[in-house]
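A short worksheet on the structure shown next.
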Amino acid sequence: MGKIAVAAITSLWVIPMSIIVNHIVPEPYMDEIFHVPQAQQYCKGNLRSWDPMITTPPGLYYLSLAHVASLFPGMLLVGATSQSFSEACSTSVLRSTNAVFAVLCGVLVFEIIRFLGPNLSDAKATLIALVMSLYPLHWFFTFLYYTDVASLTAFLAMYLACLRKRYFLSAFFGALAICTRQTNVVWMLFVACSGVLDFTLDSPRQKEKEKVDQDSYHQSIGRKEATPRSNLRKRKPDNSTLDPFDRAKSFSSTEDTSGLVYDVYAVISTCWSMKWQLLVTFSPFIVVVVAFGIFIIWNGGIVLGAKEDHVVSPHFAQIMYFSLVSALFTAPLHFSVGQLRNLLQELRQNRPLSLLLTLVALVAGLASVHFFSLAHPYLLADNRHYPFYLWRKIINAHWLMKYMLVPVYVYSWFSILSLLEKSRRKIWVLVYFLATCAVLVPTPLIEFRYYTIPFYIFMLHSCVRNSGWATWLLTGTVFVCVNVFTMGMFLFRTFKWSHEDGVQRFIW
């Protein structure tokens, strides 16, 4: 019942907003001037044609062909098009591809939440799915013909299939995600690694070892706390009835199994003892990665077109921007008195190591913004994007500003990672951080829509357990306010360039 409610409610804003956007902006805009004509060439059967300015694979265009083919009989019946299939591929119909994917995204998020939090009520899972469907970077591009919504849908389908241990299906959706946006190969590797961690750390052999470790730990605690009046052993908790998140927290609560070192050792030792089983189980992912490697060699790089404008560059400041943008969008989670108190308490628990990590993070952040803060020509020249104004008015407002923001970046990352560690093992959190870096650091252009998938992963895993109704309602209110502002600016706050004809609009 919950997923039907999510689909129905999501449709209530997707359909009318799509009609409004198509009425006010009927012609392709921004990157649509490349994507729409290319998809229309495919509708005409010209599958060998390719615009050299397009940087992403043609996955979205093939999905659009299937979408238009499903609509074509009905369009013929109501007289919405002539006998020509190519004429059915109008800008509005192509945009509706993402409208369908947006509804599917909401359903997939609901299913993932119910899997990760089986004790959650349908009402709470429905609320979370609806709020996440309103995430501004996802919501805005639902109504335009960009690759972002299709990319997120393929990723969520891949992740859900992996959680359910349907690895062949997961690898299939991973291949589809890569065909939509090639950087999704990193997220497929992340999903595969997550599957390996679940497969090995939840294996009967590893569970038995952790049970023995906990027995030894509780026996030692019992001996230390024994008194002449009572020499009874402390009773260890029964982890067999807990879901995977609670088991992770319980295991990490003991001295022997609390650290990242233990997790790494456990994964390596278990993987080695189960190496052939792992190779067979996760072979579909290996096939996709090898095929993608062959493509890179054949293509001469990861980017398809406009290679001179999308050169891979070390842009470490990008991960700083991601942390702050993600924290601001979910400000009720990060900038509350309770979260600040929790972070300070965690720092006090292991003061020398925590101080060292904080110092290293601050130094790394300062080095990132000083040596690896890139200003792409597109960023400096295009005043239609919000990052243009953030760069000029905030980051470059004063030469000291980019350094003054570093503590905020570091706090945001610490808050994100601390929330994730409440529900996932430390090695999983490390894999998430490395995957986020692998996607964002090589990207020279500041594009907030590149943050969507890591943001969704964070939201799915950090908030399922610990966020009340009020937090989600407040977060949803923030999302709605941002969406109203950005869509209002896009539709009604137009302007013109002196050197180019046509109306210009503000966009993410």
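Cβ coordinates are placed from backbone N, Cα and C, and glycine is handled just like the others.
Quick look at what TrEMBL annotates:
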type	residues	note
SIGNAL	1-20	signal peptide
TRANSMEM	59-78	transmembrane segment
TRANSMEM	99-117	transmembrane segment
TRANSMEM	137-161	transmembrane segment
COMPBIAS	208-227	compositional bias 'Basic and acidic residues'
REGION	208-252	region 'Disordered'
TRANSMEM	278-298	transmembrane segment
TRANSMEM	318-335	transmembrane segment
TRANSMEM	355-379	transmembrane segment
TRANSMEM	399-420	transmembrane segment
TRANSMEM	427-446	transmembrane segment
TRANSMEM	469-492	transmembrane segment
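For the transmembrane segment (427-446), same-chain residues at least 6 beyond its ends with a Cβ under 8 Å from one of its own Cβ atoms are 183, 186-187, 189-190, 193-194, 197, 260, 263-264, 267, 310-316, 318-319, 321-322, 374, 376, 378-379, 387, 391, 417, 420-421, 453-454, 457-458.
Taking Cβ pairs closer than 8 Å, the transmembrane segment (137-161) reaches residues 14, 17-18, 21-22, 28-32, 35-36, 39, 56, 59-60, 63, 91, 94-95, 97-99, 101-102, 104-105, 108-109, 111-112, 115, 167, 169-171, 173-174, 176-177, 180-181, 184, 187-188, 191, 194, 448-449, 451-453, 455-456, 479, 483, 486-487, 490, 507-508 in its own chain, all 6 or more past its ends. Within the chain carrying the transmembrane segment (318-335), a Cβ under 8 angstroms from the stretch's Cβ atoms is held by residues 135-136, 365, 368-369, 405-406, 408-409, 411-413, 415-416, 419, 436-437, 440-441, 443, 446, 448, 451, 454-455, 458-459, 462-463, 467, 471, 474-475, 478-479, 482, all 6 or more beyond its ends.
Listed as Cβ neighbours of the transmembrane segment (469-492) (distance under 8 Å, sequence separation of 6 or more from its ends, same chain) are residues 17, 20-21, 24-25, 124, 127-128, 130-131, 134-136, 139-140, 329-333, 386, 463, 505-508.
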